[in-house]
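As recorded in TrEMBL:
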DOMAIN    A:11-180  domain 'Cytochrome c assembly protein'
TRANSMEM  A:20-39  transmembrane segment
TRANSMEM  A:59-80  transmembrane segment
TRANSMEM  A:92-111  transmembrane segment
TRANSMEM  A:123-142  transmembrane segment
TRANSMEM  A:154-176  transmembrane segment
TRANSMEM  A:196-218  transmembrane segment
């Protein structure tokens, strides 16, 4: 069982972090919702639709962040055969897919009143849709093999190949003509956004991050239990 | 209060955005929790079954029949992959 020495140590750490991450999610979410929906001004051009930003932008940030983290974990898993990074990649992709879906859906609800259309096939929106399919492909590939190790390997290669999409999404608004507005928070000359709008945006961003930590740790705990079930079943079959 | 729900006339766009996000994140959490509980229950059952019998009893050729696996009830879609 030495193979599980590492995951067991990881379990201890995860269980220590979990209550803090879960508590932070609830508190940040409540504070974030209060500032997003009540205690922030309407935009002088966009009116109340600017409130969609406080869900849309943090979700889109998470979509990119989770994919990048997954790609790094996949590289670590391929190079050093670190079992916990495989589990992280497996646990993270459904969460990343959920955030990507939220970014796409809230984007449509923002696009309709502001641009006059739910969807355009421009660079930002299309590359985001590709990211969503990469997540779905990653989840499908993970479960496509009887041998979980082969699933981990194939999915890790997909995650690494797909990571080229991340800078494409980030810079799509600068490289191509698009309806989507350029970056207004993460830019070279500092944020171009009112502090009253920055507060809810950052609170929601941290709330989503804490949610991600909570759910990923719970999923990894489930995966570790599942791996132990498999190991015990195998040892019973083979004596 | 009415102003709050009206969202400056954009209620039909603002509230669905928050609703979608809430539903997706809540569902993902519920599925994750159920997946975790199912896995931990199966592991506990296997470990309990293993603790009851001495090792050499299982060395014979009565293999998986003794193992109480695949007893978990119907699960959400993402758990099904693990079940095969």
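From the backbone N, Cα and C atoms, a Cβ is placed for every residue, glycine too.
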For the transmembrane segment (A:196-218), the distant same-chain contacts (Cβ-Cβ under 8 Å, at least six residues beyond its ends) come to 14, 17-18, 21-22, 24-25, 28-29, 31-33, 35-36, 39-41, 43, 50, 53-55, 57-59, 61-62, 65-66, 88, 91-92, 95, 99, 185
Whole-number mean pLDDT, the domain 'Cytochrome c assembly protein' (A:11-180), equals 91
